[in-house]
Each structure stands twice: as structure tokens, then as C-alpha cells.
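Student: Next up is a structure, given as C-alpha cells.
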10 protein chains.
Amino acid sequence: MAGRKEEELNGVTLLGNQGTQYVFEYAPHVLEVFDNKHPGRDYFVKFNCPEFTSLCPKTGQPDFATIYISYIPDQKMVESKSLKLYLFSFRNHGDFHEDCMNIIMNDLIALMEPRYIEVWGKFTPRGGISIDPYCNWGRPGTKYEQMADYRLMNHDLYPENIDNR
Amino acid sequence: MAGRKEEELNGVTLLGNQGTQYVFEYAPHVLEVFDNKHPGRDYFVKFNCPEFTSLCPKTGQPDFATIYISYIPDQKMVESKSLKLYLFSFRNHGDFHEDCMNIIMNDLIALMEPRYIEVWGKFTPRGGISIDPYCNWGRPGTKYEQMADYRLMNHDLYPENIDNR
Amino acid sequence: MAGRKEEELNGVTLLGNQGTQYVFEYAPHVLEVFDNKHPGRDYFVKFNCPEFTSLCPKTGQPDFATIYISYIPDQKMVESKSLKLYLFSFRNHGDFHEDCMNIIMNDLIALMEPRYIEVWGKFTPRGGISIDPYCNWGRPGTKYEQMADYRLMNHDLYPENIDNR
Amino acid sequence: MAGRKEEELNGVTLLGNQGTQYVFEYAPHVLEVFDNKHPGRDYFVKFNCPEFTSLCPKTGQPDFATIYISYIPDQKMVESKSLKLYLFSFRNHGDFHEDCMNIIMNDLIALMEPRYIEVWGKFTPRGGISIDPYCNWGRPGTKYEQMADYRLMNHDLYPENIDNR
Amino acid sequence: MAGRKEEELNGVTLLGNQGTQYVFEYAPHVLEVFDNKHPGRDYFVKFNCPEFTSLCPKTGQPDFATIYISYIPDQKMVESKSLKLYLFSFRNHGDFHEDCMNIIMNDLIALMEPRYIEVWGKFTPRGGISIDPYCNWGRPGTKYEQMADYRLMNHDLYPENIDNR
Amino acid sequence: MAGRKEEELNGVTLLGNQGTQYVFEYAPHVLEVFDNKHPGRDYFVKFNCPEFTSLCPKTGQPDFATIYISYIPDQKMVESKSLKLYLFSFRNHGDFHEDCMNIIMNDLIALMEPRYIEVWGKFTPRGGISIDPYCNWGRPGTKYEQMADYRLMNHDLYPENIDNR
Amino acid sequence: MAGRKEEELNGVTLLGNQGTQYVFEYAPHVLEVFDNKHPGRDYFVKFNCPEFTSLCPKTGQPDFATIYISYIPDQKMVESKSLKLYLFSFRNHGDFHEDCMNIIMNDLIALMEPRYIEVWGKFTPRGGISIDPYCNWGRPGTKYEQMADYRLMNHDLYPENIDNR
Amino acid sequence: MAGRKEEELNGVTLLGNQGTQYVFEYAPHVLEVFDNKHPGRDYFVKFNCPEFTSLCPKTGQPDFATIYISYIPDQKMVESKSLKLYLFSFRNHGDFHEDCMNIIMNDLIALMEPRYIEVWGKFTPRGGISIDPYCNWGRPGTKYEQMADYRLMNHDLYPENIDNR
Amino acid sequence: MAGRKEEELNGVTLLGNQGTQYVFEYAPHVLEVFDNKHPGRDYFVKFNCPEFTSLCPKTGQPDFATIYISYIPDQKMVESKSLKLYLFSFRNHGDFHEDCMNIIMNDLIALMEPRYIEVWGKFTPRGGISIDPYCNWGRPGTKYEQMADYRLMNHDLYPENIDNR
Amino acid sequence: MAGRKEEELNGVTLLGNQGTQYVFEYAPHVLEVFDNKHPGRDYFVKFNCPEFTSLCPKTGQPDFATIYISYIPDQKMVESKSLKLYLFSFRNHGDFHEDCMNIIMNDLIALMEPRYIEVWGKFTPRGGISIDPYCNWGRPGTKYEQMADYRLMNHDLYPENIDNR
Ligand SMILES: [Ca+2]
Ligand SMILES: [Ca+2]
Ligand SMILES: [Ca+2]
Ligand SMILES: [Ca+2]
Ligand SMILES: [Ca+2]
Ligand SMILES: [Ca+2]
Ligand SMILES: [Ca+2]
Ligand SMILES: [Ca+2]
Ligand SMILES: [Ca+2]
Ligand SMILES: [Ca+2]
Ligand SMILES: [Ca+2]
Ligand SMILES: [Ca+2]
Ligand SMILES: [Ca+2]
Ligand SMILES: [Ca+2]
Ligand SMILES: [Ca+2]
Ligand SMILES: [Ca+2]
């Protein structure tokens, strides 16, 4: 039935695994990768993650966000169940919205060494104002670094309508 | 009544055919083409395909996606009923989302030898996260190769809002 | 400036309070009430609560929901900041979706002794299926009990469109 | 040109008036009425008022709401520019959401003596929760009183989707 | 080709007519009717009319509305092009929103003698507030009179969201 | 594979048939039925038909509509491909919108002898006004006749927003 | 952490289980139940299931639908992962849309013996027409049987807009 | 009243004309033009045409599309009523979607000799897949030819969401 | 209270003025300007104008549009109430859609001498087709002229979906 | 729990503070900053602010807007609660829409010395017209200045649909 053979799933230990442990303290080590079978081609993979929650570092109040992660893989690709567990590990972690997005991107860069990556968080409002941080990164000294500049320059020229309802 | 004459429909055997066989194992050979009557002009054809389903290669669980395929034809154009049968042939095939999109694009390149093509899959979530792979291709050594670079660089600057409902 | 006088805010200790403690274990005691100034009139108050999260009692995986709570007050009304803290207290609590909704309604009945109340949870999907429990209650032996029957009979004749995206 | 004659606009002093004074302290006396020319018929008039703002009675923080007012006139109808000025007079007034809606309805009952009236406020969230009070009233001892009961019983069986964005 | 025969279109003089005169002063006489071919059955016909404009009777400023007209025909049905011309005749007519809706319904009752009719106008805002009058009517002494009561009692329990944008 | 056996598809000649003839003159005889396997239960079947087009009986201009057909079957159910061919047969037929809806309902009553049926057409505008006829029918002398009355009385209390764009 | 204790999860064997077998032939036996902890109260549970696919019994072509299942539990409640597996078992099963909905409802009635249940399928179009069957059931001889009649009579007075895009 | 004088409407014979003939066989000769009064300026004119229908060249089945036509005029501009008649002339014409779009653009180029033009058709699905062809053209040897290349390269980076409902 | 001082409102005679005259014949002289307080910065001002109506120059039939006007001011800025009166002055003026948009832009250029300006009209359909003209202008010999070229080249790559409802 | 340590929150005095004073006169001094922990990276932070209200400088009438603020931080980042208090300080301040947006951007430039910033206000209509000013700024003599030019040139090519409802 399958296109991916067993050996092409080496290192994927969490997907379909029954005894999954949910860790709620910041845990970048849960991230797992598998091999990119199409490294000769630049292509995008996007993760839509509407179930992100963390804590305010000053007040301890829970924060909620939808996070969009897009990247161009090189040799390694992050496995999505491990990504889920990683994002769950912010559940009892306190940090500013802007810091969370940068940390997530840094961890994924360290994990996958992608060609390009971007992370966009869209939080629910506190005191009537919501905050949406966006960061991106291209491998230094390559065309992907210029890609990052270009995409930042063109970022979000059309902010979505927000009325807090 | 018709603009296309009978002989211009040569090779189109599936369209309007009663005894259609639905194959649910990966079957790229079902794809059929017809002649492009406007090869002197670059133009786009897009297929919207919201009825794609395949299997997870690890767990065997069905996956579901909407696939968008856009291409600039050269001499050959894929006939849409044969495209439908081809996409149905993934029904009992197991592969990662990212692999499916690359395979579909590869098969269409081999079939039509188009000037440019792109394939975007938007899957439903598993464990709260959904995955949307996008790949594209321009004929090497032509301006369409640069077109592919350009469109990748500009890809999806505005991710659609996703809340899993 | 104010219509509500200081003494009409008696018992409201959490609203505007700096040192708020966020409890993540089930804590119905944090709920607070204030007096209904219009008890001679039946009217509805609705709370829209899109930031609810709890845990699966079997797997420990986080669940997410939007909860809608509507009630007709009698003498007491729940203060909204205390309601927020109460809902946050499910953060590390494990229970089925159906049980959570019934528990929340039971706690609010015990707290406010309202004339009528209903609670509707709309969860994000697991395995492609999402669950939306709805329960309601009218004070036994009064017209509000019949109101509860009537509203249950008319509940959700038009389910919202769901495509998990 | 006009259907309404000058004398049918008696008492309408604010509409089209240049030197409008904007009062930001609760001022029910600014409300004005004109005659209902169709008193032989029951019909509805609805005001959509998305520019309502008041203050929290405890913290002084501004609150924002859209208010929907619907009524069946008897002999008098509220003039819409005076209604605007009246709603603006809550700008520096502090009261709970639930109290504001009841006060507005009481003032309009006293002003117009309508057959039926309802007022629905939809506020923006504080601490992730938004509050939507709804009250209504039918002239006691008439069929409009039963209408009020009926409409309350059928109120908001389909709460709108709220995600605070 | 046609189901309606020539003689069944008697009295329809405006439809398809080249030299249409557009009158911009209130002109109920332009309305035309044709025969209902299904008088043995109660059924609804609705007109959606988003191009209504009149003038404020006090200031002369243009007002704009979408009008929805629904009716159950008896023997006569209003022809839609004549209805268009009739609605255009309010272009330079000054009247309050509430009066316009009642006048339109009265004229259509006089014209068609329908079994039931209702008219709903939804105007654009002035000073941040928009006004939506709704009136209806059932033939007195028949079940359609009770239908009018019933529909008024159930009118607009779910006001559409309005934010003036 | 199948639940329906071959003999339960008796009379279904068009579904999957290659040599389908498309008739563009009013042709009620193309309609086909199959047996209802659940006659002991009242249930609804709805057809969404957004590809309806006919001609204006006076001017010959094409008209376009989406038609919604809902019914409770008795012993016979209309086969959907034959319904498609029937609706296509209005392509060169000229009739008023109101007449088309009544004719379609009459033909389906004659064909299926359903317990209940309703037909709602929503046309595109001519001269800025669009027309939406709705008719329904319940078997005379049964509870379904009262159902028709009830549904007509409750028909379309919330007309959809129309702005002709 | 949990509200549900281990013994209250007796019989729930599939949830969180690693070695899930996906069966693609009609398999009602995979359904599992757990105990309703709130049998003293009537309340609704809704499942949103946008990943349903079956086959046409005549042509073998895959069909796709979103299914909405709502019920009032009595003593037993269907476990959602087993419901997922049950719905997946239609993947290679051929039946008409109308038959599938009735079969699903029959199986859930046999499994749970609920007080009330309804099933609504919304399929994608074939030949420009889509079919949406809806069936419901209340326990015979109880008020839930009348509830079923009432809800059928009020079913889908506002068909959603469909344009096949 | 008018800005356009009578002589500036020379050649416009169909607009407002009573005896319009609707031709349903491909008829490019019905197209009419009027003079561009602003030839010193490059500007866009767009036609939204949601009422396009043609036939499948192989099966004869009707197809439906919305067509968007945008152009920069030079000396001549197409009159919109003649454009309507021209598009209606495809009603009984059989051609593939891709061919129809190219033919329409070719005819408008021959008619108007515009500086730039583009045509985008969005069809309803057959067999679950819909096809959207897009072609464009700039006057050869001018900057408008480069404009065509540029717009093709940037075409449809954000395909609209399609779910066939 | 104010940031703008009295003398900075010189020449603004219509805003807040009671005796406004509404002129319905083309009247560019009603336009008024005030000083740009930020001439050292390029910035955009957009007017959303959904209440535009004019007449067809050939048939006299009223036309309706929403107009979007965006500009980069130099020394002068158009006052919005005077803009409203100016747009109202097209009420009894007859011109083609394309001409109206060019005339409005020409008048605003003459009035304000802006750095850049664009005007987009979106009209309601006649005969099933709607027309949306767009024109723009940058000060000749400056970078704003190139800005106009650039924005025209990128204009409306994503036409909004139009279905005339 | 926290990622930000206490000393990294130096200068943040308002967040979580109980005795917040709400000032309703223009008060730029309430703005507070904290340190950017990722100054080595260009990234965006966006604030969605739908609760802005000020006064008309000529008439004193309240105005309402949603404001979108996006910036690339350098060393300092504005704290969001202080931003809320700053925006509230326009509550009784009178200024034209265009002036407010420029003032807000100027104050944030002075406060944070960002690399790039933009401010977009979207106001509710007065007299049927709404005004949306947009200004931006990049640090002079850096690539961010060119970024500002580029983003202005590409600003709002797709104005959102506005119908004042
Ligand atoms: Ca919103
Ligand atoms: Ca959402
Ligand atoms: Ca969604
Ligand atoms: Ca969808
Ligand atoms: Ca969705
Ligand atoms: Ca929302
Ligand atoms: Ca809104
Ligand atoms: Ca709106
Ligand atoms: Ca709107
Ligand atoms: Ca609208
Ligand atoms: Ca619309
Ligand atoms: Ca549509
Ligand atoms: Ca649709
Ligand atoms: Ca859709
Ligand atoms: Ca539309
Ligand atoms: Ca609109």
C-alpha cells in the first residue's frame, strides 16, 4: 500500500504510538525528523497550528494563538506529531508573544537546518489589543537569505480585519 | 454545434465513457492528453480537486485534501476525467502528504511536458495540525524555470485563517 | 461616573485586582457573584468563551473548545473575571467533552441559582471528528423548566458547516 | 418633494441642526420623538448602533459594544439623531454591561411608550470573554407582553461564532 | 418556446419595451400586474431590491436601502419591471424610512390585493446608526391575518451583524 | 461492494449511461424513479441545483437560477441524473420564474407522489431586481398538508442579504 | 488529573490505542460505547464528520460528504474514535446517499438506544446536482417521537447557498 | 442630463433597443464598440459575467462558468449589451473550457484592438473537478506585451478555496 | 480638545453646516480643501463611497456603484463632506461608467494637485454583466508617474467573486 | 515557568498593575518599552486595535476606527498595555482622521526608534463615506527607508468591500 517504506520512516517514533507522553514544560528535545525524499527541488511545507497556548511571563495568565509555520526543507523534515508535542510543551511556559515565535523558529532551524523558514503567530486580544509577531530566516550566504528579506519586505500588506468578536 | 472536431478529440477515451473502471491503487497510466490548440500563447489552466483522499503510510488512516493544480500547457493538455481517475487511484495508497504532492507533479510533468506547473495540497488536521505542501516546476533552461523560482519566492505570503472547524 | 455604586460591587474581589492567581486544577470555589439589579425582569446574559482548554481523560492530550453560556439571572449574577478563572481551572483537568459541559452548568446552577441556563461547547476535531455537547436547565416546577424542554426540542436545527479547516 | 410635512416634524429639533452639543454624561433628556403616522398597524423598527462605548464601573476602563434596538411603535417614535446623542451620553458613564442594556430599554419605554421593545448589546471581550446581554418588554396586560415572553423563550438559539479576532 | 402565451401577458406593457420613461417623482400608477396562473396554491414570491434611494424629508440628503418584498399572490401579480420603475420614483421623494416602507406596502396591497405581504427596508447609516423598518399585512378576517401576526411575533430574532463597514 | 442490489436499481437507465441525450425542450418524460427502501420512516431528501437556466417568455432573454428541491418520499424517489436532464430541458423553454417553479413541483408530484415537497428558485437580477419564488405541497387530507401550511407560514423570515454583486 | 475514572472508561478499547486497524468494508461491529454519567438530564451531543466517503452502487465512483450526527443519550454514548472507524468502513461500500444516512442512523439506534437521534449528510455534486438526505428518530411511544416529528416539520427552512464552487 | 452626447453613441444600436434578438449559435458579429473618450490615459475596464453557459464538445452536456474580462482600451471600447449577446451566443456551442476562453479573447482583440486584455473563466465541476482557464494578451512590441508576461507570471498565487458546495 | 486649530480649518465651510444644499446636477465647484499638515511625508488617504448613483446616458435608467478613491496628498486635501456633495451631484447626471470614473479623477486632480490618485468604481449589473472601471494618475515627470504605471500593471490580479446576488 | 526574567521586564510598570489610571486627554507619556531580545533579526510585530475612538475637531462628534500598527523593532519594543492606555488617551481628543494616524506614528517613532513602522486607520462612515488613512516610515538613510517606499507603492491594491452595513 505505502509509498514510504519502513526504512524511510526511521526515527519516526511518535507517529501512531500509543503511550504518548504530553509534556507541558518547554521541551525542544521531543522534535523528530524524517528524510526529505525530494531534496533536488525547492518546495514549501506549511503547518497550520490553531491550538497553541502559553502563559504571560508577568501575570501568569494563559495566552492563545494560531501559529502558521512554513519552510523549504533541505535534507530533514519535521514530523508533525512531534511538532504537536513540542508546541504543547509551551502550555505552562511563560514568555512574551514575540519571544515565543522567535524561540520556535530557532528550535526548528536547529532541528532541520532548512533552506528557508517563517513563523507567524496570531494571538487573541488582551485589553482590546491583539499581537501578531512574524519572523523568518533564510540560510545565510544563500539565495534563501535574500528570499527572507524579500518576504519580510512584502509581509502582511493586507492585515486581516479584526474586531475582537 | 461543436468547436472541437472529432479528430481533435483523438486519444480522449474516458470522457463520456460508460464503463469507467475506478482503480484505487496508484495508477499513473490512466492519464490521457489532448492537443493544445493555442500553443502560440502562454496561458494557465487550473484544476480544483476537493475530493482527494489517500492513506497514512505509517498508520493506514485515511487522509483528505483539496488539491489545486495549475499549469501552462505546451503541446499536450491533460484531460480532466482521466485526471479524476488518476487522483482516485491514491485512495488506497499510503504516503506522506509532502510525497503525494511531489509524485502528482512528477507524473503530470512526464505526461504533458508542460512549460510550467504547480501543485498545492491542503489537508485536514491530524492531532490539531494540518499540513499544506506546495511544489512547482518550470522547464529547465527556459524562462519558466525562473517563473518557478519567482512564484516560490512569493508563495503564500497570506496563509488562510485555519481554526480546524 | 458610575451607575453601580461601591456597595453594589460587594463580593467582587477579582475584577481589576492585580495579584490574580491562575489556578489550573479544577476550582469551582473561585466563582464570584454580584446582585442582579433588575430581578423584576426576565432577561438573558450570554458569555462567549473561545479560550477553553482541558485534557483527554484517557490520553492526556489537550483539547480546545469555544463555550457559549447563556442564562436568565434570578438574584445573583456571575462576575465575568471569576468565570474566566474558573474556566482556566480546567487547563490541567481531564474529562470527556460531554462531562465538562455538564459540570460547568452544574457549578453555575449551584452558584447563581438562575432561572434558566444553557451551555454549549464546540470542540476542535480529533481523528477528523469534532464533538459539540449542549445542555440546558430550567428551575424545576417553574415555566423555566418548560423553557428548557422547548429550547432543547428546537436545538441546533441548522448545524454550522464544518470542514476542519 | 417631501411626504412628511413640516408640521409632522414638530418636536424634531436635532435632525439637520448645526450646533449639536455632544454630551458625554448620561443624558436621557436629549431623546426626542415624532408621531407615528401608521398607528393602525403593528410594525417593527430596528436601530443598528455599532458605536456604543461606556466605562467599567470598577476599573474605569472603556468598554465597546454594538447595540441592536427593535420596537413596535404606538403613538410616538424616537428620532434617530436624538438616539445617537443619547447613546453618546454613556461615553463617560460607568456601569456593567447588563445594567446599561436595562437602563437604555427603560429610558426608551418611558419616552415612547411602545407596544414592544427589545435591546441586545454585544460587547468586545475582556480577559478573553465577551458578554452579550439581551432584554425585552411588552406592554403589560396586552398581547405584547406575551410576545415578550415568546421572544425571550426563542432568544439566540444559534449563538454567533466568536473567536475574539 | 414559451409557456406563457401572448394573451397571458396582457397588460404587461413595460417589460422589454424600448422607450421606458424613468420617473423620479412618487408614481404609484406605473405599477402593472399580470394574472396568477396558480391561484389554487398558496406560494411566496420575493423581490430583492438593493437599488432603492429616497431623500430625507428634513435635510434633503439622499438615503439608500435594500428592500425585500415577499407576498402570497391571489389573482394578480406585480410585474417586476413596473416594480422597478415604481421604486425608482422615490428617487427625488422625501420621507422617513419608516414611512417609505408603509407606503410601498400600501400601494402593493391596493394594486394586487394579495393574500399576504411583507416589506423590509435596510438603510445605510446616518450618524453611525442605521434604521431597518419592517411591516407586514394579511387579508383581514382570513388566516393570512393570523399569518401576519405570527410572522411579526417571530420577526428578526437574529439581527444581522452590523459594523458600518 | 454495494448495498443496493442490481434489482433494486430497476428502472434506473440513465445513471452511468454513456449515450445520454441532452434535450433542451421541456421534457418531463425523462424523469425516472427508484424504490424507497425506507418507506416506514419520514425523512427529507434535498437537491441543490445551481445550474438552472430558462428563457424570458416575453423577450427570449436567458434567465439563471439556483433551485432547491426538498421532499419526503413515499414509495418512489426521483433519480438524480434524470432530474438533471429534466432541469436541462428548460434551457430553451420560456416562462416566468413563478411559473417554472410551480411546473417543476407539479411534475415531481405527478412522478413520485411524495408525502411532502417544496421548490425554491433564486434567480439573478434583471433591472436591479431579483425574484425568488417558493412553493410547497403536502398530500391532501394528511398531516403533510398541514406541514405545507406550517412551512409556508414560517418561510424565509430571514431573507439573505442581496446586493447584486 | 481526570474526572472520568479508569472504571468509567470500561469498554473503551480503541481510544489512544496504537495498533488501530482501519477496515474499509461496512463494519458496524467496530462501534463502542461508554456510560452516560448524566442520564437524569436530556442533553444533545453532536458529531461533525467532514471526512465521509463511500462509492456509487451503480458506477463505483467515490462519493464524498460531510455528516452531522446529533443525539440525546440515554444510558450509552458512542465513543468517537470507534465512530470514526465505523464511518471509515463505508470507504469501499456502495450505496445511494439516502440509504447510507438511514443505515448509519439505524446502526447507532441499535448500538446506543438513544432517546433521540438525527443524521444529516451533505454530499458533493455529481452532474451539477448535490443531494443532502436528513433522517431522524425518537424513541417510539415517548415524547422523543414527537420531538422527531417536530424537528422534521421544521427541518431546513433555510437551505444553505450552494453554487458548486 | 447626459455627459455622452448623441453623436458619441454612434454605432451603439443594441443598448435600450426593444426588439433584441437572442442568438444561441456562436455569433461574434453581434459585438459593437463605442469611442474611448480618454485615450490619453491607460485605465482598466472589467466585466463580471456570471451567466456564461456552453456545451461539452464530446457529450453535449451544458457547462456553466463565471467569466471575468479586463482590458485597457485604446480607441474602441466594447458596448456591454452587445457583449452580453455575444456571450449568450455560446449557449448551444460546444467547446472545451480552455478553447472558449481563448476564442473570446481572440474575438475581443479583433474587435477593439485593445492595449491589453485578459479573460478568466471559472467553471462548475464535472466529476468533482472544476477547471479555470486564464489567458491574457498585450499588444506585440509594446510595453503591454511585457505587462501580459508580468501578469501571467503573477497569476493566481492564491487560488480561492473550492469545496464544490 | 482639538489638535486642528480653528485657523487650520479655514475654507472648510460645509462640515457641520446646517443649511447644506444637495445639488443633483454635476457640480465640481462644491469641492473644498484643507491644508495637509504632513506634507513632508508620502501617505495614503482612502475614501470608501458606497452610495454613488448616476444615470445611463442612453436610457436614463439609474446606475449604482461603490467608488473607492485613494490618493497621496501634496499641499491640499479634499474635505470629505464636500466630496459627498460632489458625488451626490451625479444623481441626475447621465454618463457611461467608464466616463464617470475618469471625470471624478480629473476633478480631484484639478482640485488638490495630489502626488498620486486612483479611482475604482464597482457597479451593479445590467443584463447580467457588471462593469468596474479603474483609473489612476501620478504627477507627470515624478516618481508618482511611475507609481501609477506600476499600480496599473499590478491592478486587480484577483477579481472578486461575483454572482449577481 | 517564565522565559523572560524579572530583570528583562524592567520598565514595564503597567502590565498586570491594579490601579491603572485611564487618561482621556492626549497622553504620549504613558507609553512604555521593554528590550528586544532578538535585535540580530528583522521581524514584524503587529497590533490589532479595534477600540479606537476620538472626536471630530470641528463638530465634537465621536469618531470610531480600527487601527493596525506594524513595526520592525530595533532595541526597544512598545509594551501593549501602555499602548492601550495611549490609544485610550485620544478618547476626548479632537483631530482629523489623517492627523491622528500621523501623530500616533510619530509618537511611536520617538518612543521606540524602530527600523520600520506603519499605521493604518479604518474609520466608520460619516455622511455615507468612510476614510482610511495609511502612513509608514523607514529609518532615513537605511534600507528600511526604501522598504517604506516599496510598501507605500504597493499599498492597498485591493480595497476591501465596503457597503456601510
Ligand atoms: Ca471578527
Ligand atoms: Ca475562527
Ligand atoms: Ca475555519
Ligand atoms: Ca469549506
Ligand atoms: Ca471551516
Ligand atoms: Ca471572529
Ligand atoms: Ca466586524
Ligand atoms: Ca459589516
Ligand atoms: Ca459590509
Ligand atoms: Ca451588502
Ligand atoms: Ca452579494
Ligand atoms: Ca456564489
Ligand atoms: Ca459555494
Ligand atoms: Ca465553497
Ligand atoms: Ca455574491
Ligand atoms: Ca456589497
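Glycine is no exception: its Cβ is also placed from the backbone N, Cα and C atoms.
As annotated by TrEMBL, active site, thioimide intermediate applies to J:C56. TrEMBL lists J:D63 with the feature active site, proton donor. The substrate binding site annotation in TrEMBL covers J:V78, J:E79, J:S80, J:H97, J:E98.
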Student: Per DSSP, J:V78 (substrate binding site) is which: helix, strand or coil?
Tutor: strand
Student: Count the Cβ atoms, other than its own, that fall within 10 Å of the Cβ of J:E98 (substrate binding site), considering every protein chain shown.
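Tutor: By my count, 23.
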Student: Would you pick out, from the recorded positions J:D63, J:E79, the residue whose Cβ has the largest number of other Cβ atoms within 10 Å?
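Tutor: Output for this query is J:D63.
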Student: If you measure Cβ to Cβ, which of the binding-site residues J:V78, J:E79, J:E98 are under 8 Å from chain I?
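Tutor: The answer, in sequence order, is J:E98.
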Student: Using the alpha carbons only, what distance in Å do you get between J:H97 (substrate binding site) and J:C56 (active site, thioimide intermediate) once rounded?
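Tutor: The Cα atom of J:H97 (substrate binding site) is 8 Å away from the Cα atom of J:C56 (active site, thioimide intermediate).
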Student: Residues with Cβ closer than 8 Å to the Cβ of J:S80 (substrate binding site), same chain and 6+ apart in sequence?
Tutor: J:L15, J:F47
Student: I'd like the number of other C-beta atoms within 10 A of the C-beta of J:C56 (active site, thioimide intermediate), please.
Tutor: 19
Student: If I restrict to non-local contacts, at least six residues apart, and a C-beta distance under 8 angstroms, what lies near J:V78 (substrate binding site) in its own chain?
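Tutor: Those within reach of J:V78 (substrate binding site), by Cβ under 8 Å and sequence separation of 6 or more, are J:L31, J:E32, J:V33, J:L108, J:L111, J:M112.
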Student: Write down the Cα-Cα distance for the residue listed as 'active site, thioimide intermediate' and J:E98 (substrate binding site), rounded and given in Å.
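Tutor: Here the two Cα atoms lie 11 Å apart.
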Student: Can you check what DSSP calls J:D63 (active site, proton donor), collapsed to helix, strand or coil?
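Tutor: Where J:D63 (active site, proton donor) sits, the three-state DSSP reduction gives strand.
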Student: If I take the alpha carbons of J:E79 (substrate binding site) and J:D63 (active site, proton donor), what is the distance between them in whole Å?
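Tutor: Cα of J:E79 (substrate binding site) to Cα of J:D63 (active site, proton donor) measures 25 Å after rounding.
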Student: Report, in whole Å, the straight Cα-to-Cα distance of J:C56 (active site, thioimide intermediate) from the residue listed as 'active site, proton donor'.
Tutor: 7
Student: State the count of C-beta atoms found within 10 angstroms of the C-beta of J:H97 (substrate binding site), not counting that atom itself.
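Tutor: I get 21 for this one.
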Student: Checking interface proximity: list the recorded positions among J:C56, J:V78, J:E79, J:S80, J:H97, J:E98 whose CB sits under 8 Å from a chain A CB, in sequence order.
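Tutor: Filtering J:C56, J:V78, J:E79, J:S80, J:H97, J:E98 for a Cβ under 8 Å from chain A leaves J:S80.
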